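Asks: In case it helps, TrEMBL gives these features for our protein:
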COILED    306-336  coiled coil
COILED    375-402  coiled coil
DOMAIN    409-624  domain 'Histidine kinase'
DOMAIN    669-783  domain 'Response regulatory'
DOMAIN    815-914  domain 'HTH araC/xylS-type'
MOD_RES   ASP716  4-aspartylphosphate
SIGNAL    1-24  signal peptide
TRANSMEM  346-368  transmembrane segment
Amino acid sequence: MFKTRYTPLFLIAILLFLASCSTGKEGDTIHIGFSQAMSDDDWRRSMNDAMELQASLNPNIDLTIRDANYEVQRQIEQIEAFIADSLDILIVSPIQSKPITPVVERALDAGIPVIVVDRKTENEKYTAYLGADNIEVGRNAAKKIISSNAKDSIRIVEIRGMAGSSPAEERSLGFAQIINSYKNAVIVQQIQGDWEKESIQGQFRELLQKNSKIEYVFAHNDRMIRGAWEVARDLGLESTIHFIGVDGLNSPDGGIRMVEDGMLKATVLYPTGGEEAIKLALKILNGESVPKNNILTTTIIDEVNAEIMKNQFDKINEQQEEIENQLVAIKQQEELYYSQNNLLKITMALLAIILSLALYSVYSIFAIRKKNRQLELTNRKITVQRNQIEKIAKEVEEINEAKLNFFTWLSHEFKTPITLILSSIESINDVAKEKGLRLMNEVELIYNNSNRLLRLINQLLDFRKVEDRKFTLRASKTNIFTFSKNIFKEFEREAKKRNITFKLSINNEDMELFIDRNLMDKVYFNLLSNAFKFTPENGKIEIDIRDHVNEDTVAIHFRDSGIGIPEKELDGVFQAFFRGSNNRKNSSGIGLHVSKEFIEIHAGTIEVRSFHGTEFIITLQKGRAHFDESQIIADQDLVDTNIIDFSSEHLVDENYLVQVPERDQENYSVLIIEDNRDLLRFLKSKLKSEYDIHLSDGTDAIEKAFEIVPDIVLCDISLPNKNGFEICEILKGDLRTSHIPTIILTAMGDKESYLKGLESGADLYLTKPFSYSILVQSIKSLLYNREKLRFYYTSNIHKIEDSDAFGNLEQRFLSEVNRLIKDNLDNPNFSVENLAEHLNISRVQLYRKVKALMGISISDYIGNIRLEKAKSMLENTSLTVAEIAYATGFSSPNYFSTAFKNKYGMPPGSFRKSV
Ligand code: FRU
C-alpha cells in the first residue's frame, strides 16, 4: 500500500534533489567571443593562450575563439555569427582595417560592446582599443638605429607588414618620423611583405644582390626579419648588416632568442595583450568606465637587456604555468567538492526518506494496532453472533430432529394398524374365495386406499432415509422381465378401467440384472403411478426394456402420452418437492427425487424427456462388478416381499409352497411376543387352527420361552421391557432355546434394524405391513427346514461332531449329550435325570430341546445310541449277545433283544448271522 501510494512522491523528491545537485558554476555565464585574424604564428598563439588562461580564472566566463586564418570574408562571417549568438562582449583583431570596419559597427549597433585589439578598424566605432602604440614601435626601432650609428651615414631597408593593416601603417609612420629627422640616415628601399618571411625573401635577395651596401634592415615583425637574415647569411652578408625586428617573443624562434644569438641588433617588444583584453572585457561588462584607447607598454630589447627580459618572461611563464597548475588543482578540488557536496545531498535526501519511512512505519504500526484492535472487537462480536447462531441452529436442528423423529415414529406407528387392516381384508378375501363369494366394492376400496396410505407412508420414510443417506443396497439376481411383469400386472386393472393402452415389451426375456427389488419396486411404482396420474383416458403407457446387446447396459423406458413437463422445467424434475407448472393434481414432489437416489445407489442413471408426453429412461449396468460384494445377497430377501394384491393372483415364491412333513398329530407350538393387542389377537385367531399359540406382551417373553421351549418364536421389536433384538439375542444365546427359529416382525424396515436382527440371531426379518400368507409360508418354511435338519441329524447321529448343519451352541450341546451317553453306555442306571443334571438344565427342558432338535424323546435318543453301538458290536466283535447287552447299558439281554428287534426288525442273534 505504501509503495503504490508513495513511490511517485519519492521519485519527485529524488528528481528535485538531483536537479539541485550543481557542477559548481554559480551566477550568470559571461559569453565572450574573440575573432582572431589568424593563429598560425607564435605571437597569435601566445595571445590566445593568455586570453584562455585569464578567462579560466573566472568560472563564469565562456570564451569562444574563432580563427579567420587570414581570410577577411571569413572573419566578417564569423563576427556576424557572434552577433547572432547575442554575445555579451566581442573582441576583434582585424586582418585588415577597412573591410572589417562595417561588421564591427554592426556588432555595436546590436548592443554588443566591441574591444579591438592589436590592429584597429578605420574609424573609432568600437568600445575600446587595446594594444601597443605602433607609431611608438616604429620610433623605438628608428631611435635604436640612430643611437648606434650617430656619426656615419646609414643606409636602411624597411620591410613592411601587410598593407592595409594598421600596425604596418603606424610602424612605418613612426619609423619614418625619426629616420627622416636625421640627415645621415636614409631608407634606401621599402619592401612590402605580408607579415610572413616567405613574402619578402625573394625581394630582399634581389635587393642585396644589386646593392650590398646596406647597414640596417628594419622589419615590422621578427618573422620577416628572420627571413631577411637568412637571405643575408646565404649571401655571406649577415655580419655586415644590422637587423631590427618587432614582437620580442620569448620563444625558441622568438625575437629575444635572436637578439641573444646575435642575429638581431634589437627587437621592439610588442605585447599581445591577451590577458588585458579579458580584464578589460570584464570591466566593460561590469559597467566600469574604461579609456577608449588602452595602450600597452613597448620597449627595445637589445644585447643589453635581452637576458633580463628573457628571465623576466621565463619567470612570468613559470608563474603562468604555476597558475595553470593551480587552476587545474582548483578545478579538481572543485570537482571533488561538488561530487562530495552532491554525495552529501544524496545522503541527506536518503536520510530524509529513511526518516519519513521510519515515521510512516511508526504511524503504520499504530494504525495497524488500532485496526487489529477493531478487528479483534469485530471478531469477538462475530464469534458471539456465530455462537448464538450455532446455538439457535442447534436448537432448530434439535427441534427439527425431534419433529422428524416424531414424524418417523408416527409413520411407523401407522404401519401396524394398516397391516392389521390389510391382513384382515386379505383374510376376509381368503374366506370369501373359499366360499366362492366376491367381496363388496367398498371392501376393495378400503383395501386399495389402505395400500395407498401405506405406500405414502413408506415414501415419506424413504425420503427421510434418502436425506439421511441411510439407504444401503441389497441387490439380488433378478429376471427383469418377470419382475417388471409382476408390477405391470398391478396396474393392468386401472389401465383397463380407463381404457389406457398399457404395454410391456422387452427384447430379451431372459435378461437378468442385479437389483434391489425393494427399491426398484418403488421406482417402478412411482414412475407408473405418475404416468397413470397424468395420462388421460384412452391414452397410452408403455414399459419398454432394451437390452443393449453390444454394451454393458440395459435401458428401461417408461413412456406415457400424458400432459408432459414444460421443457424449461425438465432440469428440476428430480429435485425434492418439484411440481410441474402444468400439474393441477395432488403430489408430494418427493417420488421422483427418491427414485433418482435409488437408481444412483444402483450406479445407474435416470433421465427425463418430454415431447408429446413424458419418457423416463433408467439405464442400469449388467453384471455385478459395479457393486460391493457386501451389497449382493444370494436370494430374494423376505423383507422385500410385496404386499399381495388381494384382487390379483397370489404370487407366492415356489420356495414357500413346501409340504410340511406330517407330525404325530401334535401341533407345533408358536410363541408370539407382541405388545399390540389387536395384532396379537389377529395372529392368534389366524394361527390357532394349525399351531399351539402362546402369547406374551413382551414383559415375560424370556421366561415363557424358557418354560415352553416353543417350536417357533414371532417377536416384535418395540416392546416395553427388553426390545425384540435383546430378547432374540438372549434366546439364541441360551442352550434351552438357542435352536428355536425366530421371526422378527417389525415396522422398522431400515438396513440397520435388519442387520441388528441378523446379529441378534433372528432367522427371518419381516417388515410391517407383512402379508399374512407370507408369514404363514415363512413359519412353515422355517419349521420345514428344522424338520429337514432333524431328519438329517437323526440319520447321522455319529457325524454330529463334524457337522455344520446346527449352530455352534447346538453342536456343542449335542456333542456334550453324546459324550455323556457314551461315557455311561455300560451303565444301566444312567437316567435322563442324570443327563439333565450333568447338562445343568431341567429334565423337561432336556426333553424339549432334544425333541426339538431330533424330533424324538431323550430316552429314545439314548436307547438309539445304545442300539447303534450294540449293532456295531454285533458286526465287528465276537462278544456274545448277552455281553453286548450289558456293555451297552441294557439291564437284561431280553430287554435288549426286544428293543433291538423293534428298531431293526430282527433279534440280535439273527442280525449277527445275516452279517
Ligand atoms: C602577428 C603579427 C606580428 C605583428 C602583428 C601586427 O600576426 O604579424 O608579428 O607584430 O601581427 O599586427
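Including glycine, each Cβ sits where the backbone N, Cα and C put it.
Just so you know, TrEMBL annotations are computer predictions that nobody has curated.
Buried or exposed, and what's around them? Tell me for each listed feature.
Replies: If one looks beyond the coiled coil (306-336) by at least 6 residues along the same chain, the residues whose Cβ comes under 8 Å of a Cβ in the stretch are 24, 53, 56-57, 59, 248, 250, 256-257, 259-260, 269.
Cβ neighbour count for ASP716 (4-aspartylphosphate) (all protein chains, 10 Å cutoff from its Cβ): 24.
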Asks: Taking helix as H, G and I and strand as E and B in DSSP, count the residues of the domain 'HTH araC/xylS-type' (815-914) in helix, strand and coil.
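Replies: Breakdown, helix to coil: 74 helix, 0 strand, 26 coil.
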Asks: For ASP716 (4-aspartylphosphate), which DSSP three-state class applies?
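Replies: Going by the DSSP assignment, ASP716 (4-aspartylphosphate) falls within a strand, counted as strand.
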Asks: Taking all residues of the domain 'Histidine kinase' (409-624) together, what is their mean pLDDT?
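Replies: Computed over the domain 'Histidine kinase' (409-624), the mean pLDDT is 86 on the 0 to 100 scale.
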Asks: Per DSSP, what is the residue count of the domain 'Response regulatory' (669-783) in each of helix, strand and coil?
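Replies: Breakdown, helix to coil: 50 helix, 25 strand, 40 coil.
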